[in-house]
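Novice: My questions will all concern the structure given below.
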Amino acid sequence: FAEFDDAADLLAANPDATTISIDEPSDIPKNKHGRLQQSGREEDDELLGTDDSDKTELLAGQKKSAPFWTFEYYQTFFDVDTYQVLDRIKGSVFPVPGKNFVRLYIRSNPDLYGPFWICATLVFAIAVSGNLSNFFIHLGKPTYHYVPEFRKVSIAATTIYAYAWLVPLALWGFLMWRNSKVMNIVSYSFLEIVCVYGYSLFIYIPTAILWIIPQRVVRWVLVVFSLCLSGSVLVMTFWPAVRDDNRRIALATVATIVLLHALLAVGCLAYFFDAPELDFPAPIIPVHNGTTVITK
């Protein structure tokens, strides 16, 4: 009652004073509705990668920034531990429907450690398995003499690393160009795109080892299976980045990504494992009387 008396005295002293009601029930539903809208917006930002969801990531990137001529600048690209690399490999082998690979595994700390060693391992796996496959195909033929083809290592290295760097570079440039045309398009950094492509190639390492099996049907089944897994990672990652663009351009972009990925797998299988058999000349055995004998 003392508080009401004080309020009455203040009103009597200043009749023009305004009062404020503490209880405002009408604002509660608005706040709740605002929270629902905000949560839905955050979910969209988390999936699509709008500017609001990237503020903390940009701040984190500013803290790591260093001049490009210093060792610390390149050290940040390899700042990952074993558990992070294994987690990203699992995510590329077992893609989760509806989940963005960049948002789920890469965006917090993109790296080049995993993509570099995955590509290096894939190069040697394809080259060694290709030589072994050629050996097993011609095993038992008396006219065949096994000679290791070391040139396959350089060819595989050029093919794999060119794909893992040039295709992401072209895709990054295309997304940047479309982002200037359509404001709603999601933008990925070049490092994030390289990281996605590098980890998506991991499934081809065990596939290349299994390609040693001299059965063409088994090899093509393995190609289709691996292509579905790794291709789904690329599609689920880059479809949110182009789906707000023109419908034809978006579909053509995704189709090009899948087509290039399929060409890499089919090309490696056709060149390193399904090469046409060669007709080896029969060895010539000299005879002491001056004649030669050709064995068949």
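Including glycine, each Cβ sits where the backbone N, Cα and C put it.
Straight out of TrEMBL:
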REGION    15-53  region 'Disordered'
COMPBIAS  42-51  compositional bias 'Acidic residues'
DOMAIN    93-265  domain 'Yip1'
TRANSMEM  112-133  transmembrane segment
TRANSMEM  153-177  transmembrane segment
TRANSMEM  189-214  transmembrane segment
TRANSMEM  220-242  transmembrane segment
TRANSMEM  249-273  transmembrane segment
Novice: Examine the transmembrane segment (112-133) against the transmembrane segment (249-273) and state whether at least 3 Cβ pairs sit under 8 A, considering only residue pairs 6 or more apart.
Specialist: yes
Novice: Are there residues at least 6 beyond the ends of the transmembrane segment (220-242) whose Cβ is under 8 Å from a Cβ of it, and what are they?
Specialist: 47-49, 91-95, 97-102, 171, 175, 178, 185-188, 196-197, 199-201, 203-204, 207, 210-211, 249-250, 253-254, 257-258, 261-262, 265-266, 269
